[in-house]
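Visitor: Handing you a structure now.
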Amino acid sequence: MIVRTQNSESKIKEFFEFCKENEVEFVDFRFSDIKGTWNHIAYSFGALTHGMLKEGIPFDASCFKGWQGIEHSDMILTPDLVRYFIDPFSADVSVVVFCDVYDVYKNQPYEKCPRSIAKKALQHLKDSGLGDVAYFGAENEFFIFDSIKIKDASNSQYYEVDSEEGEWNRDRSFENGVNFGHRPGKQGGYMPVPPTDTMMDIRTEIVKVLNQVGLETFVVHHEVAQAQGEVGVKFGDLVEAADNVQKLKYVVKMVAHLNGKTATFMPKPLYGDNGSGMHTHVSVWKNNENLFSGETYKGLSEFALHFLGGVLRHARGLAAFTNASTNSYKRLIPGYEAPSILTYSANNRSASVRIPYGISKNSARFEFRFPDSSSNPYLAFAAILMAGMDGVKNKIDPGEAMDINLFKLTLDEIREKGIKQMPHTLRRSLEEMLADKQYLKESQVFSEEFIQAYQSLKFNAEVFPWESKPHPFEFITTYSC
């Protein structure tokens, strides 16, 4: 369905000219592993050859969990010369190039390469005739802390994060002897001005750097939790949007680091306060027309509602990709503006799917509110598209919208209404995914080999260790038994 990325002679020439014009000293080839970690290998510009840009760069794939065994470790990084930018943090002039992974044994794009999977999902949409392009836009929330301490030993398990904004510092004597006292408090941080908002200058610096690397931002503000922020960037096609998430996370972490802070996109680092999500806006277009625009509920089309029906039907297994950590499910609980009930509504932030207000047909879209940034964006976006396409093909009814505050529903009321909820654990979401995976495998977008590698990695690296480790809270509840 998809062939190896081959950079044209004109693209290669254009890239070399770009490097010379910008006096580039290093070329930094970057790729994403299964978990979503951004990895890189750099070459001096003087060592760069035409063949490397045409045929790729060899690397050892056995060093990345879930990929190759050491007996078949050779893979190729294929540079994508439509996506590159000057690294604003490098001491020397370095250009970052997005790469796909190519399988030298099967002579095809590597089926465990997340970026290749995202490309296959977009191509599957085109080949199906349902649409030409799927647009995604992510709103990534994050925390910026002053420091963090972590210990993971057989006799001791703990973490400690700190922030000047933290309510726990109300009685603290700082080094200069002054405690200014302006703090947002738990769930009190939505859009206050300084001095309560201590991170304004860091966020504006983040925006400036994002603009430097080609990301157009449209909103920046303090979020609800203490030490929490959000920067929204413009939408793009599925692959571009996932690339943008990787760029955004890199910039946020680096700007915080250079300001003596530490940034995290972890979904739930603070108990008793709001967590961080990755609200994901989606629309599908064909012949330059928004297929989600129509005459049904809130200006949506039948196509859009069927797309939504597919996502809601598959959401419990979809969560294995959109909410990909054990920590994700500590965010998806009532009371912290994180949706756990699988329904939809217009302008209702308690629903797992929101239909935002739009002033034109072009703005018709869904906002999926359950994903978070512990996910690999290439996999999360691809899985959402595959679920939606399944809904369109099979005309899946999403049910009635629920224009009420869903956070106020009791468990009995949820059961009486027959409403599904998100899984409560990563284990459960993985089990749901394994029981409901056929839609992912259409056109081999997600291969069986990849699905098995993914679930094995998640169980062994996250689920099993989490289930086997004593937790500090258990010592409070159980030590004196």
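Using N, Cα and C of the backbone, Cβ positions are placed for all residues, glycine too.
Keep in mind the model is a prediction, meaning the values are calculated, not measured.
OK, Swiss-Prot features for this one:
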DOMAIN    22-106  domain 'GS beta-grasp'
DOMAIN    114-481  domain 'GS catalytic'
BINDING   GLU139, HIS279, GLU367  Mg(2+) 1 binding site
BINDING   GLU141, GLU223, GLU230  Mg(2+) 2 binding site
BINDING   ASN274, GLY275, ARG331, GLU337, ARG349, ARG369  L-glutamate binding site
BINDING   HIS281, VAL282, SER283, ARG349, ARG354  ATP binding site
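Describe the structural context of each listed feature in the structure shown, including burial, neighbouring residues and relevant distances.
Guide: Averaged over the domain 'GS beta-grasp' (22-106), the predicted model reaches a pLDDT of 94.
In the three-state DSSP assignment, the secondary structure recorded for GLU367 (Mg(2+) 1 binding site) is strand. Listed in sequence order, HIS279, THR280, HIS281, VAL353, ARG354, ILE355, PRO356 are the same-chain residues six or more apart from GLU367 (Mg(2+) 1 binding site) with CB atoms under 8 A from its CB.
GLU223 (Mg(2+) 2 binding site) falls within neither a helix nor a strand when secondary structure is assigned with DSSP, and so counts as coil. Within the same chain, residues at least six positions away from GLU223 (Mg(2+) 2 binding site) with a Cβ under 8 Å of its Cβ are GLU141, GLY189, TYR190, GLY229, GLU230, ASN274, SER276.
The secondary structure of ARG349 (L-glutamate binding site), as reduced to three states from DSSP, is coil rather than helix or strand.
Counting every protein chain shown, the Cβ of ARG349 (L-glutamate binding site) has 15 other Cβ atoms within 10 Å.
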Visitor: Can you grab the distance from SER283 (ATP binding site) over to GLY275 (L-glutamate binding site)? Cα atoms, rounded to a whole Å.
Guide: 26
Visitor: Report the DSSP secondary-structure composition of the domain 'GS beta-grasp' (22-106) as helix, strand and coil residue counts.
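Guide: For the domain 'GS beta-grasp' (22-106), the helix, strand and coil counts are 15 helix, 41 strand, 29 coil.
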Visitor: Listed ATP-binding residues HIS281, VAL282, SER283, ARG349, ARG354 - what's their greatest C-alpha to C-alpha distance in Å?
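Guide: Maximum Cα-Cα distance: 19 Å.
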Visitor: Tally every other Cβ atom lying within 10 Å of the Cβ atom of GLY275 (L-glutamate binding site).
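Guide: A count of 25.
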Visitor: Do you know offhand how many angstrom separate GLY275 (L-glutamate binding site) and GLU139 (Mg(2+) 1 binding site) by C-alpha?
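Guide: Rounded to the nearest whole number, the Cα-Cα distance is 13 Å.
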Visitor: Kindly assign SER283 (ATP binding site) to one of the three DSSP-derived states: helix, strand or coil.
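Guide: DSSP assigns SER283 (ATP binding site) to strand.
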